[in-house]
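The block underneath contains the structure these notes are about, expressed in structure tokens.
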């Protein structure tokens, strides 16, 4: 059976075509994501006097943490997702996303490794960041800064290995821009901004401590 991925000669024995449409997959994912963001925003409003920035950060960390665990996790631990006769939603997500990066359906070792680290370490750490912000824990900014560095490192490895391996993993220019670039851009831009903010907060705390000890 043929497949919709690039390169055309990619061998995928046992491949089972998508059973959900692109619209069904995207609407489910977007709808669920919006629900999570709204829920966290409303709950964060009852967590004391949190600034709007902190509440937005809680929304981001909840969204990214659940994405890492619930979307990327199944990919890592389901190597035969493209062969399943009765696929679940997550199998369908990765068959669809692979149109923008066929390394996923091909089970590229570097891609699986990056996603594994992201799902197992960065996912739980992101959810811990939600708690840390809500509880005003002293380690909040150190944690956020560390997770952001991990996400940025993962993105660098993701894009650089794609370039080194030939840069030909998308079915069309639409999937290149929508999936390979668009779907990943948030994990470049937002972690960069959060890392800069947390770095300033950490430096400010150390500076204040130095003033106290003089």
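Quick reminder: no glycine exception, Cβ is built from N, Cα and C everywhere.
Copied from TrEMBL, the annotated features are:
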- 25-44: transmembrane segment (TRANSMEM)
- 53-195: domain 'EXPERA' (DOMAIN)
- 56-77: transmembrane segment (TRANSMEM)
- 109-133: transmembrane segment (TRANSMEM)
- 145-164: transmembrane segment (TRANSMEM)
- 176-196: transmembrane segment (TRANSMEM)
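Here the transmembrane segment (176-196) has long-range neighbours at 57, 60, 64, 97, 99-101, 144-145, 147-149, 151-152, 154-155, 158-159, 162, 169-170, meaning same-chain residues at least 6 beyond its ends whose C-beta is under 8 angstroms from one of its own. Across all of the domain 'EXPERA' (53-195), the predicted model scores a mean pLDDT of 97.
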